[in-house]
Structure formats: C-alpha cells, structure tokens
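A.B. asks: What TrEMBL shows for this protein is this:
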type	residues	note
DOMAIN	17-124	domain 'PH'
BINDING	26-53, Lys431, Lys433, Ser509, Arg536	substrate binding site
COILED	105-132	coiled coil
DOMAIN	133-168	domain 'EF-hand'
CARBOHYD	Ser184	O-linked glycosylation site
BINDING	Asn304, Glu333, Asp335, Glu382	Ca(2+) 3 binding site
COMPBIAS	447-466	compositional bias 'Acidic residues'
DOMAIN	480-596	domain 'PI-PLC Y-box'
DOMAIN	596-722	domain 'C2'
BINDING	Ile636, Asp638, Asn662	Ca(2+) 4 binding site
BINDING	Asp691, Asp693	Ca(2+) 5 binding site
Amino acid sequence: GVIPCGFAASCFENLQFLLQGGDLLKVRSTSWKKTRYFRLQEDCKTMWHESKKTFGKNPTFSLDDVSALRLGRQSEGLRKYTEEHVEGRCFSIMFKNRRKNLDLIASSEEEAKQWVNSLQKLMSNLSNLNSQEKADWIFNCMRKADKNKDEKLSQSEVKNFMRLINIEVDDDYADMLFKKCDKSNSGFLAGEEIEHFYDLLTHREEIDVIYGEYAKTTGYMSPENLVEFLMKEQREKASLTDAHKIIESCEPDDKVKEKKLLSKDGFLIYLHHPEALILNPDHKDVYQDMGQPLNHYFISSSHNTYLMEDQLKGPSSTEAYIRALLKGCRCVELDCWDGSDDEPVIYHGYTLTSKILFKDAIKAIKEYAFKTSDYPVILSLENHCSVKQQEVMAQHMSSILGSALVTTPLGDGMPTNFPSPEELKGKFLIKGKRLNKLETSFAAEAEAAEDTDVTEEEESNDDEEDEQKKKKKLKLAKELSDMVIYCKSVHFHGFEDARQNLSFYEMSSFKEKKAIALAEESANAYIRHNIDKLSRIYPAGTRTDSSNYNPVPLWNAGCQIVALNFQTNCTDMDVNQGRFLVNGKSGYVLKPAYMRDPTTEFDPITLTRGDWLKHKTLHIISAQQLPKVNNKKSSIVDPLIKVQIYGVPADVAEKETNPIENNGFNPSWNENFQFDVYVPDLALLRFLIEDHDSTSDNEFVAQYTLPFNSLKMGYRHVPLFNKNGDRLPSAGLFIHIMLLDAE
C-alpha cells in the first residue's frame, strides 16, 4: 500500500507494526495487570487502546503528549509491581503533562524493543517533516477522510479531514468555505475543489501583503528581493549566499527553485523555519561565558522536588525528580527522614505525602541529571535523619554518584571563590550543614602533618572527643558533613554580619516573604551580598497547594537559587521557563556585569542607572490554529492577546488586544503597542492568549515567554506552549517588532 505521512520506505515496517498493533500487559499494581490491545490510528499521530470500562469511549493519546519512552523496569510502578526476570519485556510511556505513566509488558524482549523503537522513530519523523512530507501527510489524511473511497468528500467527510489535520474551525465557517468551493452544487468536493478548499482554509492574507511588497521579479522573490526583505524588515545582515541557501531549503516547487526564485509558499515556509522565529537562534545553544564563579549565574531551582502535587497529602515520586531535571532544573531538594530497615526516606515531614527511598531518588537523579544540561546539579538536603541514617545517606551518595560527587575543593589549597559551571560540568554539589568551616579542616590537616610530638593514638583520641562534642551539638554525621564543600547552610543575621563573618561558601536560605522584603527595601545591599555568596529562596509554608511566587523581583536582587514548585503549572513557572529557555537550556544564565561588580550601585527599585532605555513597538498581526480550551464541539475560542513585560518595577507592563469572536483558527488583530524598557538585561516578554469571557474570568489558551535580549526584530512567528509548558505543534502568533534605542 501507499506509505502514509510522507515517511521514507525504511520507516514503513515500523509504521505497519504500529498500525497493526498488538496485545500488551498494562500494569497498575501487584494485583492489577491486564491485557489491552494497543494500535496506532490512521492519522499516524494518535495511539488507541481498548478499555474494559462499561462507560465512555476507548482511550486515546496523542504522540505529541509523549515526553519519553523507557525500555526496561525504569518507572517506579514497574520496579515496585514486577519481578526482575521480566526486565527486558517491560517499557514505559511517559507523558508531558500530569498524566500517569503507562507501564507495559510485552510478550517478548524483541517485541518490547520493537514497540519502543517504532514509536521513537515515528515521533522523530513527525517532528521533522519537511514541506513536501507535510503535503504528503495532508493528502494521506484526505484519503483517510474519504470513508466510501469515491474520491469525493461530503461535508461530514470534510469535517473529519479537518479533525485529522488538527484544524478546529467554527461549523458555520467550515460550511461557508465548503459552499464556496462546491462549484457544481453537488454537496461534494472533488479534485481541484478539494485543493481549493485547503488553499482557502490555510490562506494567510497578511503574508500576501508582505510577500507582494518584496516579490518584484515577475510575481516571485528573487535572491536580491529576499536580501532586501531580510535587511530592511528583519534587521539581519544578509548576503546573496544567504538568500540562495533559504531558497534551496525552503522552496517547495522544483521549477521555481531551478530559476533561483522564492514563491509565496516558500516564503511562508521560511517564516516558519526555526532560525526565523522570534527567539534569536544564536541564543538557543550555550552562548554565554560559563567560566565565571558559580554564584554569578541565575540557577534553575526546584522546591520540594519529590512532590508530584500538593504539599500535604499528594504522592512523592522519583518521577518528579526526573521531570524537573529534564526541564533543565539544576538545584533539587531532598527532605530526608529516618525510614524502616535503616533506609532513609524522602517525604514532606509531618504530612500525609507518600514516601520514597532516599537511595532511589539518588539513583534517578544520577541517571537523569545530565540529559538536558551538562552543568552541575546541586542537591539541597533538608536533613531530619538520625546520625546513623545520615551515615547511610552518605554511603548511598558516595556509592551511587561516585567520582561525580564533589567531596574536596577543586585545585590545591583552601579556595577563595566558587569554581565555574564549566569546571563543574557533570558534577554534583551537596548543600547542607557542616560541622566546621572548610578553613578549619585545612588548618587541621596542615597542623597534623607538622605536629610530631603527639602520638597517633593520642591525636586520634583528641579528634574523636572533639568530633563527639560536635556531633552531640549538631547531630550531624561526619561522613555527611565532609561532603558539604561549596554550599554550607547557615542562618542569615544581616548583610553586615555576612560580609564580616561568613566565608564565600556559606549560604543562607530565605522564605519568600523575607527575601521579597529585602529585595524591596535593601536591593543594592542584596545584590552586593549575592556577588560574594549564594542565596536560596523558597515558597512560604502556607502554599500547601504548591502554588508559586513571582521569581523576577528576586532575580532583580541577584538571588541565584530561586526555588519554585516545578510540578505546578502557573504564570510563575512560565516565567521561569522563559528565563532559562536560552543558553542551551543549561539551567544557568549569567547575571549582567553590573550585578557581578563588587562596587555596583545598581538598584532595580530606584534605577540609579537609567541609560539603557529601549523603545519597543510591537504589532500583533494574527494567530494560527489556537487550541480549544475544552473538548466540547461548540467551544471555539474568542481569543485575545495580553503582552506582558516582567522585569524591574519601572519596566513591568501589560497591554491587551480586543477579543476576536469565535475564531481560534486564523484570528487577525492588527493592533500596535509601544513599551519603554529601561533594563532589558533583566526583562522578559510574555505573550499570553486567553479565551475571552464577558461573564467570568478568561481561560488560559497558550503562552510564550522569552528574555527581552533574545528577541529578533521584524516579522516573526511566535511558537506557543500549553499550560504544561509543552509546545503546541500547529499553533502560533505572527507579529512585527521594532526596537529603537532612546535618543
């Protein structure tokens, strides 16, 4: 048969396997293991599986929602509910949202591998389709929609076709387009009528206007026309070589390509190219200096990382660590308590949250720490264990993390500053309490080497007595204490005390309320404090629902480790994701130079330096294929766009468009906004799309947040994320941005 989805013949076998499907054992508990039939649906994007529930339809899930496939007993469920001998037959499907993993067992190891490999290849193909393959896929969906195979589409078949290609439009609008294309008044579309329908459906009038302005060569864009567009509109240095490369990679019509021209379709494909989107492509990979001391960076950080939901009764899970680390988080928290059989556990103490083994958390962290970023991970220990179980904690970290765990300072002698993220690549740092200062350890070692008068036995006895006294006072195991090198936890007694009495590696944690007060009342002092030390901020204890706080005022005060509840979808997490979207999603973003200078006078509140003013004009043009906010047939959105600036108080702003009624498919606004931005280094731009409701609160549809300094000028498409922070495959905004330095 015809290979669907425009895939190469090499993928055909995998696709046939998935379309045919097969039985898999679904695992929920030790006693709940049931055979279910799984197969890929004909759109090549949706997995279907049977359910024995009496009510409701058989469940499906989109491959767009899958975050990972893991072969073997890699999920908590499979490790807990299956025996070791089925290891090779097991695999898990992990989801991007809060949906539970699918834990499955195949009938053989070969079959498990085939499921995982076939799904991975299909997902990779779907995300990398070129324009011709997309056209093939659309043609294939058209054939699938033609249920009676008469090469004609009825109105209901046309609606089925639109659903297959992920297009949601108002029924009245679809009917109007259908009638417009049904030239023969037969109630069916055939041949060129179907093509005309698709062209009308995907027509972008705003692109016609821009293209028409620059296509001065017999209705097409020449390389010279394209260079003019790139330089004048996109503010890019462009040569004829660049233009030829764009034509070569984006022009879908071979005849036009041969003439070295760019058609309107090719121009639109170029505008959708990742290099041409709003985010500066030079900022996608690591582009900052990673050789500065660790405390000169903002660090993506999580609070109570083990929790999947709320702070009082929800589940704890190693999966929560995996999800945070895969999002680029570089500081995770472990609340450690005594467990049974001398095995420490992690949970939110004195609550009903479930418990996980400390060693299982460390194993998961070790496995996933450096999948998204190579840069160091800080393990923030909240230690409530007895000395005996602290020793077990130290043993587990030592044996599982091995040489990746930093247990002595880098270099020779007593350090005077933090090493850099570059020097600490692939390493783990422990943040916790320590029995003594690092300097004391160094002095003791030096003294021991010089002092020959004391016998080894006497020295040993003296040391043991001192150690016992310290242990009694702090209830801290020496083995665990010795692992704390660069992040020793201490109480905060004011900036002056910290400056005079604390070493660079001694750091304090601040509750959000205290930190925000300091950031508002003593911003410059806080910034100077954070030039020497690390600061960690954590949410108030009253946030039992795992809600978050705005991290921006704390970043403005130079705080590095601003810990958020990563499991909660909210504006604050969107902003966090936007801040760390750049620099290779490494979880480290270099602070501006004036926040690393010990003599700095910068104050984000009073703005003692206001010579960075930028004027930004933003023209919101249109949006494409916005999702419904719920699954009801009649729930087409009434979208409006809020443009928000986060940053220093003088820069904080929000402006919104008018709502467009009943059109999530191709709404058009053509509205202009102007913003003045004083400190672009600390500013973030957020596009928020909401479904307008005149009688109640608007509902969230999609958003995108990025650092102000990573914006590209000109006509740009803006990708959109759903509330889980995952990319919506077909949705986008189309805008024009101009940036002017102040006169």
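The backbone N, Cα and C atoms fix where each Cβ goes, and this holds for glycine too.
What does the local environment look like for each feature on the list?
C.D. replies: The number of other Cβ atoms within 10 Å of the Cβ belonging to Lys431 (substrate binding site), over all protein chains shown, comes to 24.
Same-chain residues lying 6 or more positions outside the coiled coil (105-132) and placing a CB less than 8 Å from one of its CB atoms are 5-7, 11, 14-15, 17-18, 22-25, 27, 33, 40, 44-45, 63-64, 66, 69-71, 82, 86, 88-91, 93, 250, 252, 265, 269.
A 10 Å cutoff on Cβ-Cβ distances gives Ser184 (O-linked glycosylation site) a total of 10 other Cβ atoms nearby, all chains included.
Around Asn304 (Ca(2+) 3 binding site), the C-beta neighbours below 8 angstroms that are at least 6 residues distant in the chain are Gln311, Glu333, Asp335, His348, Ser546, Asn565.
Sorting the domain 'C2' (596-722) by DSSP state (H, G, I as helix; E, B as strand; all else coil) yields 9 helix, 59 strand, 59 coil.
The Cβ of Asp691 (Ca(2+) 5 binding site) has 21 other Cβ atoms within 10 Å, all protein chains considered.
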A.B. asks: What other residues of the same chain, not counting Ile636, Asp638, Asn662, have a CB atom within 8 A of the CB centroid of the Ca(2+) 4 site?
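C.D. replies: Here the non-site neighbours turn out to be Asp170, Val637, Pro639, Ile660, Glu661, Asn663, Gly664.
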A.B. asks: Relative to the Cβ position of Ile636 (Ca(2+) 4 binding site), how many further Cβ atoms are located within 10 Å?
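C.D. replies: There are 22 such Cβ atoms around Ile636 (Ca(2+) 4 binding site).
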A.B. asks: Are there any residues at least 6 positions away along the chain from Thr46 (substrate binding site) with a Cβ closer than 8 Å to its Cβ? List them or say none.
C.D. replies: Leu40, Thr60, Phe61, Ser62, Leu63
A.B. asks: Could you put numbers on the helix, strand and coil content of the domain 'PH' (17-124), residue by residue per DSSP?
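C.D. replies: Grouping H, G, I as helix and E, B as strand yields 35 helix, 37 strand, 36 coil.
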A.B. asks: So for Asp638 (Ca(2+) 4 binding site), how many other CB atoms are inside 10 Å of its CB?
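C.D. replies: Excluding its own Cβ, Asp638 (Ca(2+) 4 binding site) sees 19 Cβ atoms within 10 Å.
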A.B. asks: Using Cα coordinates, what distance in whole Å links Phe38 (substrate binding site) and Asp691 (Ca(2+) 5 binding site)?
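C.D. replies: Each residue's Cα considered, Phe38 (substrate binding site) and Asp691 (Ca(2+) 5 binding site) end up 35 Å apart.
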A.B. asks: Is it possible to get the count of other C-beta atoms within 10 angstroms of the C-beta of Phe38 (substrate binding site)?
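C.D. replies: Its Cβ has 18 other Cβ atoms within 10 Å.
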